[in-house]
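J.: Here it is, the structure, as structure tokens.
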Ligand SMILES: [Ca+2]
Ligand SMILES: [Ca+2]
Ligand SMILES: [Zn+2]
Ligand SMILES: [Zn+2]
């Protein structure tokens, strides 16, 4: 049996050597060559070899004492130390985990007994990093994938970009995907990431055979925060409570631990007390993407790409209208522009004015939808796209002032929300009047910048648009993410269309009073773990 395991180890070393000498796999030493289900001593020795417990730099003796490795692993993983491949050990080895090795090429380190973080020996020379979501999964919508999963607590700053010329590319793959580090189907390995460097350096890959979630199960954000730790230069921690521990388990209260923070600060130092905005320093990528070519940017009328819209609302067919001057865009659920758009507002909604203030959709039934359009002191109504007779009418019929900024109807509590300047009004569609106690300060919507340009109720979350930026407001958390450029995310515009240097910081309001009504309703929404996000917002504001 041990003779076979030695052969396996030698074969593994040979494969690793071939991979390195190839030249194209310049980052291959970061990542496991293959993965196996551990069922016996042979596959266990492969596990130790793949994950760099046994030195892969040629310094290993040819005969290994497998029992001593079981003891080291059991101690490291925090399970009973028996020195044998018992069921607990086998289960642990086969449980969901990161695909990166647990140690460097010189094998298991004595320091692993100190229960702390490890580093990969590479760091980014610049403190400002760019990342690009190159590919997505059908498990989650693009906007959920794009939540802020980046690491606070260090001097690093991050910027999402919309071209592949980024420091960190994020993608989803199945099985063999061109980097010599195959995924393994459902279960076991969930993801892997490359340590800092050019080409694939810093890139994160997720195993698309997993079902990623925004709640319990394989939570994408929790896996991603671990993987980006590797992208920044951290290895696996022997502190099993750390995010950088190799094995994955869903955490109810998800946050970076002290060990993770100590690790990242050992590489990049603590956050600068007065952050300066640095220009992005992005090196040309030396390795072309091998599996998924980025889709070329679509050519759109210049008018769209400033991303400033007067109003946004769900359309009759379940897509999204964006109004801008005398034009209207229809963005489809896959974030492409519907054929025939943009077009004149008067062509899409006969009788509606240009330069509207706000709009909302009232869905009575799937075949009965009323679209309300507001401008100045008047409003118009369209039933299933057909203008209703007798309009426009006076906005005062709603009990609100003229010239509002935005409006949406939330089906969760059958209320209509009207926003103006730093206040909002809540209209009760059962009593046909504004609820008592309104208007309320807009600051109750945690972290939303104001005054807003428009607001949209869309797929379980609320989107606030201000100038050229938008913020996802997580209904289940009742808090907003950092602003992101509207034109790039919603219209697929290129960077050039955006004004350079425009920044916006979210307001920081700790008022978590839930009188707005949304958070009183039993959660119809995706539960999203945003403790890291929340901390990030706090720090960045
Ligand atoms: Ca897998
Ligand atoms: Ca508006
Ligand atoms: Zn890992
Ligand atoms: Zn990969």
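In case you wondered, yes, glycine gets a Cβ from its N, Cα and C as well.
Model, not experiment: these values are computed from the prediction.
Annotations per TrEMBL:
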- 139, 208, 210: Ca(2+) 1 binding site (BINDING)
- 177, 179, 192, 205: Zn(2+) 1 binding site (BINDING)
- 184, 185, 207, 210: Ca(2+) 3 binding site (BINDING)
- 283-293: compositional bias 'Low complexity' (COMPBIAS)
- 120-270: domain 'Peptidase metallopeptidase' (DOMAIN)
J.: For residue 208 (Ca(2+) 1 binding site), find which of the binding-site residues 177, 179, 192 come within 10 Å, Cα to Cα.
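T.: Hits: none.
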J.: About how far apart, in whole Å, are the alpha carbons (Cα) of residue 205 (Zn(2+) 1 binding site) and residue 184 (Ca(2+) 3 binding site)?
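T.: Cα-Cα, rounded: 13 Å.
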J.: Among the binding-site residues listed here, 179, 207, whose Cβ has the fewest other Cβ atoms inside 10 Å?
T.: 179
J.: With a radius of 8 angstroms around the mean position of the C-beta atoms of 139, 208, 210, what other residues of the same chain does the Ca(2+) 1 site pick up?
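T.: Surrounding the site, in chain order, are 137, 138, 172, 206, 207, 209, 211, 212, 218.
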J.: If you count, for each of the binding-site residues 177, 192, 205, the other Cβ atoms lying within 10 Å of its Cβ, which residue has the minimum?
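T.: Ranked by other Cβ atoms within 10 Å, the binding-site residues 177, 192, 205 bottom out at 177.
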J.: Out of these binding-site residues, 184, 210, which one has the fewest other C-beta atoms within 10 Å of its own C-beta?
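T.: Counting other Cβ atoms within 10 Å of each of the binding-site residues 184, 210, the minimum falls on 184.
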J.: Residues other than 184, 185, 207, 210 within 8 Å, Cβ to Cβ centroid, of the Ca(2+) 3 site?
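T.: Neighbours found: 174, 175, 183, 186, 187, 188, 189, 190, 208, 209.
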J.: May I ask which of the binding-site residues 139, 179, 184, 207, 208 have a CB within less than 6 Å of any atom of ligand 1, listed in sequence order?
T.: 184, 207
